[in-house]
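Annotated features, as they stand in TrEMBL:
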{"type": "DOMAIN", "residues": "1-93", "note": "domain 'Ig-like'"}
{"type": "DOMAIN", "residues": "100-191", "note": "domain 'Ig-like'"}
{"type": "TRANSMEM", "residues": "201-223", "note": "transmembrane segment"}
Amino acid sequence: MTGVNIESDPVVDGEGLIQAELNNTVSLKCTVGGDTLDDEELVWLRNGLTVKLNEENKKGASSVCVSPVIYDDNEATFTCQLKNNATVKASVTLRVTYPPELSGSEEVTVEEESKLVLSCDIWANPPVSSVVWALNGSMVDLLAGDFVVTTDGSISQLIASKVERSLHEGTYQCTANSPKYGAYSKTFYVTAADKTMKFPLMPMIAAIVVVILTAILAIVSRWRKIAKCFKK
């Protein structure tokens with residue numbers, strides 16, 4: 001009987017999965033077993049593509065190291081097989097875990113009657129189990145503040161379409177709860193500013209140009225009439 005076997009650090013679970021945190025290191029070692037000759041050459045594949053190995057790291061036993069683990073390594077499958085018989089192989093799948101990148105604070109100034117949008121990055125693996133928005137220490141009252149919350153699995157947004165100082169100014173907190181890493185939060189200090197009058201610049205410029213050209217044409221026309229009078 002022939003075969004190959006993969007050992008890893010962290011260890012492989014019963015489903016052939018290796019759980020590894022982002023930026024950590026994963027070590028894989030492939031060895032031959034049974035009636036397989038110790039000098040059999042081994043090949044490593046990552047998602048079906050050959051991994052380049054040194055010559056001394058091919059026969060009888062072979063090791064590869066994933067360092068550091070990155071986002072793109074999530075669900076990557078590593079396969080070790082005999083070079084001369086691709087049916088003799090073993091595989092493991094790498095599952096990368098990471099918490100949401102949610103921390104610190106941000107100061108936000110928004111004019112009254114304008115739109116307020118607060119965004120939280122909740123991208124994590126495993127996905128967060130819940131996202132909670134709070135205002136001044138209490139859960140946001142969506143109805144009273146005319147708020148809308150949108151979540152697409154990567155970003156959670158709290159939106160108010162028309163800001164009122166009495167309703168929307170204050171300290172907001174977005175908290176994402178991870179089943180693996182716990183709670184992560186970000187704070188927003190929102191200040192409502194007085195509404196400023198906005199004038200349409202381009203139409204104003206166009207109107208001024210029209211007025212100036214009209215005045216110039218009127219002056220030219222007037223001087224032509226005066227010139228004709230002198231000629232008489």
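Don't overthink the numbers, they just go from 1 along the chain as shown.
For all residues, glycine too, the Cβ spot is worked out from N, Cα and C.
When pLDDT values are averaged over the domain 'Ig-like' (100-191), the model yields 96. Residue counts for the domain 'Ig-like' (100-191) by DSSP state, with H, G and I taken as helix and E and B as strand, are 4 helix, 52 strand, 36 coil.
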